[in-house]
Amino acid sequence: MNAYLFILTGLRKLNTGLIRIGHSIAWICVALMVASILLQVVFRYVFNNALPWPEEAARALMIWMMALVAAGAYRQGSFVAIEMLHDFIPRAAARLLRLFLHVCALVVLYYLFTLGLEYFQRGFRTRAASFDLPRAWIYLAMPVCFGTMLLVNIEMLMKDVGLLLFKGFASRLPEGEDSHPTPVVSE
Amino acid sequence: MLILFLPLFLILLLIGLPVFFATLLAPGAMLVWEGMDRDLPLLFRNIYNGIDSFPLMAIPFFMLAGELMNQGGITLRLVHFSQSFIGHVRGGLAHVNIMSSMLFAGLSGSAVADTSAIGSMLIPAMEKNGYKRKFAAAITAASSVIGPIIPPSGIMIIYAYTMEISVAALFAAGLVPGVLMGGALMAVTAIMAKKYDFPVASEKHTWRQRAGSTRKAILPLLTPVIILGGILGGIFTPTEASAVAVGYALVLSVWVMRTVKVSELPAIFTRSAKASAVVLLLVGSAITFKTVVSLSHAAESLAFWVLSISEVPYILLFMINIMLFIIGMFLDAGPAIIILGPILAPIFIELGVDPVHFAMIMSVNLTVGLATPPMGLVLFVASSVSGERVESIAKAILPFLAVEIAVIFLITFVPEVSLTVPKWLGLVK
Amino acid sequence: ADYNLRAVANSNENDEDYDGLVVFKDFVESRSNGRIAVDLYIGTQLCANGTECLQALEDGSVDIYISTSGGAANMYPYVQVLDLPYVLRDDRVAETVFQGDFTREMRDAILEDSDERVRLMTIGNTGGWRNFANTEKTIQEPDDMEGMKIRTIVADLPQELVKAMGASPTPIPWPELFTSFQTGVVEGSKNGITDVMGMKFPEAGLKHMTLDGHAYMAALWYMNNEVFMDMPEDLRRVVVDGFDALQQATFASPKRKSIQAYQDFAEAGGELYVPTLEEKEQFREAAAPVYTWFQENIEDGEKWYNLLASEAEEAEEAIEAQYEQDLM
Ligand code: NA
Ligand code: NA
């Protein structure tokens, strides 16, 4: 159990670090997004001259913004689910169900991650329409997004497995940042 | 049978898989099962492609604008403004809650933002004033669905995006239904206030006091004027308007009212980025889901089935409303619109229902779904803001839901409710 | 069927693309004795724009796809040669060019750039010719466009053209365009008449159209190369003939459709202006920076410009030679 806990703790720290880095870049993406669209409006009215690049640049920034915070949102439990069933079934069954659901997510994320890498590599053949950049650098956001989510998923999965395998695992688990799920989905 | 991905999707959803994963796993698994592996990349592509969109960018922007306004203590000014006008009537704070929601709706495109902003302020105040906490939470949740009906609206941006119609037309169409929804909630509150002898909130304010609270609220209240005036007056596109709203909110909260420090901005930006990321990924996965709906010809089968029941638009609309309401109990409005819109809208447009009218029927219905158990996002947020259990809020909200259903049917059967404003502005023919 | 082909067009069933696909489907299914089946996916059901759909075609999730030159510009920048204004004189010249070796040259280039995945099958038309239309006034010469905000897609070449005319290119998403005319976010656009009427733009005030014919609305039809090459030769022949039939259908369809569209335009209060030869020459001169831009900024731009120009010249000569016989 000690070795297992060691790996899990390491993974936790890694994820926390990655999420922190992601957050500290994401807000800059947001700021640049706002700035470029405002610039577009200003140029059209003040200089009567539409810039060709702000729209596409803002789209690329939006995708990177999303990619950089997705893992954090996932860890917080912001991806909403119907959790009624968990309250109706025995605790052991609920644990198994949780494990199964995390495996489902793992399959999806793994697939999205590998395909994302492939598209990144192929992206060097296409260029952005309004500025000189291979689209690969925009596509890279997707494997980053799903890769970091995958790491968070493995962390949660390991926690589930640990709870099933080891007695007293819960008490030895270090306080995580995922302990208070908060829905932040806004519509 | 590729079409089996639909029941599989429902099962995955009901056993608790997050919507994002269920919308990808169910079609993906069925494609593999059917040996259609070559279509798997299409699933991935469409997540990316679904998100890489200029119209959609208005969602993160309106979210950020709402977040800035809320941080900026602007909600407080809206509440004081409402209170100075209607705080003195019986059930004063309940009315204030609804009115503030309507005002906040003009700044924000989101029901969840509305619930947390108004709820965190008014639920404790209402409790202190003598209301039951579950009632305060329920009325907050019920009135916050006005958020995405009165423009700006994230849900309508999503609808316009998937169905390729004008955001401006939808925004214009939402004005009257939104105000109507607020009015109906106030009416039922007035009845309840008399029956249960609700408390008044304060003395009647003098016109001088009202002028004071108006002066404090006037700058934030100008936001919807700038957004809507800008879009409908042809100064900018909806996405540009959303960026302008962010700019205005920044100037207001950081420099004019000085309610937000520059050092707080990164945290605010990050928070709104997170909330947007979840929505964007949901939109992407729903676009993917829609692709498989096409591949499986589910739309055609469903259209055939629907039209075999009846070809009278009003009978079908009645049924669709019930169906949407049930779906709204389990699925968030955004994904529901992307998945069902392309299936349902063409049927009704073919039958002569105006596309903008149908958009309103669908959006308002699914928006109300945000406040229905068991999967009502707004209920969850109201619960976490108030500390009251979701179940007891769900019970207390029933009378309000009944009124909202009545408004849904009014919107359904009287197209003029939605279409008068956009027609008058020439956005709908 | 032995071969199920999935064909995608992002337009709708009123579009020329659909006419072409219907002809293709019927031709290929019948001539192959049912060994080939074609499923049509019209609209954005599987993928929504040129870049997305061409990538899906590379992946093999789409077998046949049609894009405009703007739609393929991100992937194969040189296809924008087709957007160069005033190079192709009229339908007859354009049709001769696209039935000739120009299309084969472009096929080779695209095959090479896509790792042998994307095969250009034919070039047809999707809506006649692009013309300048606006909500403000009659445009007789380029000077009349000074300062006007003209909607373009997000692509360099059309934006360069608008700039060259002294106007201001403004990217607006297609679904917002109606409202944008109405409210004055933009004052003009460059579209074919069937698209203008399909979106009922005159009702939003777009009432002045100048038939400058600055660009042939070329439609590039692609097929997944692997799927094509995996077919036995006799079926490949059927497919190639099918695309030929499709090309003819899309050449004809806009001519037929535009009659009604122009009538509707006039009925909606639209005003048509046909520039004189002299004015047309002014447009051509004003557009000169676009040629320079294309040759300087697009890889092999000079080669493609020269190829198109020389093919056009050859076609003009051939047509002249035919006049000599036909007019006498
Ligand atoms: Na709103
Ligand atoms: Na719900």
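Glycine residues also receive a Cβ, built from the backbone N, Cα and C atoms like all the rest.
Range with TrEMBL annotation transmembrane segment, chosen from B:14-32, B:242-260, is B:242-260. Among the recorded stretches B:46-66, B:135-161, B:336-353, B:359-381, the one sharing the largest number of Cβ pairs closer than 8 Å with the transmembrane segment (B:393-414) is B:359-381. By the count of Cβ pairs under 8 Å, the stretch nearest in packing to the transmembrane segment (B:46-66) among B:167-188, B:242-260, B:336-353, B:359-381 is B:242-260.
Of the candidate ranges B:242-260, B:312-331, B:336-353, B:359-381, B:336-353 has the most C-beta pairs within less than 8 angstroms of the transmembrane segment (B:272-292).
Counting Cβ pairs under 8 Å that are 6 or more residues apart, the transmembrane segment (B:167-188) and the transmembrane segment (B:242-260) reach fewer than 3 and are not in contact. Sequence-distant contacts of the transmembrane segment (B:217-236) (same chain, at least 6 residues past either end, Cβ-Cβ under 8 Å): 65, 69, 72, 74, 77-78, 80-81, 103, 106-107, 150-152, 167-168, 171-172, 242, 244-245, 248-249, 252, 256-257, 425, 427.
Note on the domain 'TRAP C4-dicarboxylate transport system permease DctM subunit' (B:8-416): mean pLDDT across this stretch is 89.
Scored by C-beta pairs under 8 angstroms, the transmembrane segment (B:102-123) has its highest count with B:359-381, from the stretches B:242-260, B:312-331, B:359-381. Taking pairs at least six residues apart, the transmembrane segment (B:336-353) and the transmembrane segment (B:242-260) share fewer than three Cβ pairs below 8 Å and do not count as touching.
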